[in-house]
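These come from Swiss-Prot:
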- Gly169, Asp170, Arg171, Gln172, Thr173, Gly174, Lys175, Thr176: ATP binding site (BINDING)
- Ser362: site 'Required for activity' (SITE)
Amino acid sequence: MNIKPEEITSIIKKEIEKYEKDIKTVDSGTIIQIGDGVSRVYGLDNCMQGELLEFPNNVYGMVLNLEQDNVGCVLLGEEKGIKEGDTVKGTGRVVEVPVGEAMIGRVVNALGEPIDGKGPISTSQTRAIEIPAAGIIDRSSVNEPLQTGIKAIDSMIPIGRGQRELIIGDRQTGKTAIAIDTILNQKGKDVICIYVAIGQKQSTVAHIFNTLTEMGAMDYSIVVSATASESAPLQYMAPYSGCTIGEYFMHQGKDVLIIYDDLSKHATAYRAMSLLLKRPPGREAYPGDVFYIHSRLLERAAKLSKELGGGSITALPIIETQAGDVTAYIPTNVISITDGQIFLESDLFNAGQRPAVNAGISVSRVGGSAQIKAMKQVSGTLRLELAQYRELEAFSQFGSDLDADSSRRLEKGKRLVEVLKQDQYSPLEVGKQIIILYAAVNDFLSDIKVSDIKRFEKEFLEYVDTHHREIEKSIITGKTLTDEIKSMLEEAIVEFKKIFLQEA
């Protein structure tokens, strides 16, 4: 057998040409310090802010500090088994969460992983948790109402789709109750609701989930949970993850309602992380950029322009105050970022006025332009009349004799306060709210005892529903109170009052 040297060389050449060697370069570093959920890594020269790092034992970390010779990062899992000297790899990716229709009805953690025991979430799409907010050109003004189903709010502090309205008050004043009622009221209104629990007890989150399930609200809701037992980095990430999940739906042209419960605990988690990363503390030991963590989150709530599909995110952040002090650092920060606040007072709550909304210092800066005309017509004088009532009430406690006009205002105020009371988990449709508020504002309840107002409201709305259904229909379709609707409504009130007073 003759083997020609040329043939051998050509075969070798072909083999060499075919050979491809993939060189994989990995940016890696060494742990020089670890503890308290925080690590310092040396040698990651090409690292970026917010990058995911891969630690041993399949644990990930997020870069927050870029320093001259090392990077500071927070761990997103257990630090058990990880020690100084271990190798850490850079991934070149930032933190992302899964998004999509499959998220609806699920309970997920801050990383978007399911924690409700219903199996994996079937979605392949992911989005980064930190995305710049929509620009001025991409937005349109707030012009559609988002009904909460709560009379005191929809009448005096209206909320529009795309607005950011702060709910602020001491602990145990009904802040979460308002948020949950608002979610329940979105049933059948094509609004996706996201409830973000930050630093709450696990039992509280379980109770909220059970309530939403029983009321059929989980069909259009998502719960993002980072409870008190989870690490500070996960509590810090939760609202951004919730917002990213909501932005997916907003860009589909849908309306989203997102509740952050609460941002006080979010700031506390960020403070803990910052102090462990040895960032210089400022006022109340918060780091200097604590304003920015909330502003960049809440600026992502928007009403998009028609060209971008006209979707919206309405944000209801919650802040817990200490003894009604709204001048503390975090409350003043969030008040200045949002488009208004609903202020809840423990004194009103303890006096039996629930929801305990203080109409005097609560305000909605943009919601008025989204309120329907019929509601504007009935609630125009409501805030003023309540303010006058509060003043007269304080004055009348001294026992001095009041003139007839003051007595009339005092009696009317008592009835208005009674009408604005509402049970939890019983949101009212806007048409029904307008009907009962019209009766209260226009002095039709002056001959009804204050103790009977609640029963009168319930029975009157049932009466209108069975005998005069066209009134509510006309209000909802026309969105304004014409003279014709007013006369129909007044007739119905007079008719029912005769029946009610005879029974009484």
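Start at 1 and count along the chain as shown; that gives each residue its number.
Positions of Cβ are set from backbone N, Cα and C atoms, glycine also.
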Fewest other C-beta atoms within 10 angstroms, as judged across Thr173, Ser362, which are the recorded positions:
Ser362
Look up Gly174 (ATP binding site) in the DSSP assignment and reduce it to helix, strand or coil.
coil
Which residues does Arg171 (ATP binding site) neighbour through Cβ under 8 Å, counting only same-chain ones at least six apart?
Glu320
Which state, by DSSP, holds Ser362 (site 'Required for activity'): helix, strand or coil?
coil
Are there any residues at least 6 positions away along the chain from Gly169 (ATP binding site) with a Cβ closer than 8 Å to its Cβ? List them or say none.
Lys175, Glu320, Thr321, Gly324, Phe343, Leu344, Glu345, Ser346, Ala356
Roughly how many Å separate the Cα of Thr173 (ATP binding site) from that of Ser362 (site 'Required for activity'), to the nearest whole number?
15
Just the number: how many Å between the Cα atoms of Gln172 (ATP binding site) and Ser362 (site 'Required for activity')?
18
Check the binding-site residues Gln172, Thr176 for other C-beta atoms within 10 angstroms of each C-beta and report the one with the most.
Thr176
Are there any residues in the same chain, six or more apart in sequence, whose C-beta is under 8 angstroms from the C-beta of Asp170 (ATP binding site), and if so which?
Glu320, Thr321, Gln322, Ala323, Gly324, Leu344, Glu345, Ser346
